[in-house]
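Chemist: Sharing the features that Swiss-Prot gives for it:
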{"type": "REPEAT", "residues": "120-160", "note": "repeat 'WD 1'"}
{"type": "REPEAT", "residues": "163-202", "note": "repeat 'WD 2'"}
{"type": "REPEAT", "residues": "205-244", "note": "repeat 'WD 3'"}
{"type": "REPEAT", "residues": "247-288", "note": "repeat 'WD 4'"}
{"type": "REPEAT", "residues": "290-329", "note": "repeat 'WD 5'"}
{"type": "REPEAT", "residues": "331-369", "note": "repeat 'WD 6'"}
{"type": "REPEAT", "residues": "380-419", "note": "repeat 'WD 7'"}
Amino acid sequence: MNTSSRSSEPSKVADDVYVQTRWNNEFKHADYLPESLQKCLDQEKTVLERYSELVEVSKTVANESSQALVKHTTKPGDQLVRRVFQQPHQQISLMERYEKTRSYKPQWHAPWKLSKVINGHTGWVRCVCVDPVDNEWFATGSNDTTIKIWDLAAGKLKITLIGHVMSVRDIAISKRHPYMFSASEDKLVKCWDLERNTAIRDFHGHLSGVHTVDVHPSLDIIATAGRDAVVRLWDIRSRSEIMVLPGHKSPINKVKCLPVDPQIISCSGDATVRLWDIIAGKASKVLTHHSRNIRDLTLHPAEFSFASVSTNDVRSWKLPEGQLLTNFQSQNTGILNTVSINHDNVLLAGGDDGTLCFYDYKTGHKYQSMMTTEVAGSLESERSILCSTFDVTGTRLITGEGDKSIKIWKQVPDATEDTFPGLPWNPTLISQRF
């Protein structure tokens, strides 16, 4: 019995060394993990833990080959193997997380500067929207109850549309029809024929002021919302209300439509963002990460994601599940009224105090912060950014402001990373991409 027991020990050691050698030879030159191993890693890593234990056992084996193998596994090319077979309780430390976050290098973006100031409205400029087809003109709505259409290149007024009797809060232009829709505090949503420059339809149904409107990109419907805290869907042709989506507890500030689920996204003063399932007629997801009034949200023009802003808080979200992507470096930015994103991953957040904050969308890094230019004769209290949008190319930024002006901003053409390094990249553990 004793002889048999002693004879089995060398066999077990040999098996252990053989298994270890196989694993090291398999992965010592690997730069990534096979999908099957990654799944094991995500499912408690039972097989991999066994291997990790074998590595530890081999350290105690008093023979030449096993000692050489242990030394071999400390080579740089094999560090991936040891990292894979960590025990589940070996979590990354806060300092390691911080250093990892700092190691990300944000994309460099050229700085922005004021290019043009346009005057014409006699009240706050509450909304702005660019022609999505030809990118040749843009429309603005104001507290003076009018909608004005401007030439984008020259900044000249083309026409003034009159029809609302109270402040115009939002504008949406259809890509599929020659129509523009406007939402107003007078409880009406109007459809404007851009070929005849007249209002051709009114949509009645909201119980109080309408704050936002958007056109569905593939269906003949529009979504509206406002002070009555419900989202309403309308048939464009018949003007009939086809669905009401209740759920928010406070006035809704912005609604956006998508061609795929979730087809409706809304944000509200109740500090929530809701993703709506219009087939079921209810919210499929409620995002509660913000703590204050969410004043605006916008879709990324190329990615399937969106961003939202509230006081001292800018966040981006992945669609369709609504997963939090990034906390932006937005501390001490104050009340934020508007957010816009271009194709180059530049995010603008416009503040109630007239601050324009420019961020790298991928990392949340604030690379430029500047104050808007005061218009002669305006009060300091009127220096607020109320709305914004990039043009179709993303090279021009248009802002509507509390001093009744419209401003067009462009990037500095000859800027380089050496001449404008931007604000320092000093992320915190709060500001990171998840």
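Note that Cβ sites are derived from N, Cα and C of the backbone, with glycine treated the same way.
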Chemist: Which residues of the chain, 6 or more past the ends of the repeat 'WD 7' (380-419), have a CB below 8 A from one of its CBs?
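Modeler: Distant Cβ neighbours of the repeat 'WD 7' (380-419) are 108-132, 135, 138, 140, 142, 150, 152, 155, 301, 337-344, 346, 348, 350-356, 371-374.
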Chemist: Residue list, the repeat 'WD 1' (120-160) vs rest of chain: Cβ under 8 Å, 6 or more residues beyond ends.
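Modeler: Non-local partners: 166-173, 175, 180, 182, 184, 192, 197, 382, 386-393, 396, 398-402, 404-406, 408.
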Chemist: Going by DSSP, how much of the repeat 'WD 2' (163-202) is helix, how much is strand and how much is coil, in residues?
Modeler: 0 helix, 22 strand, 18 coil
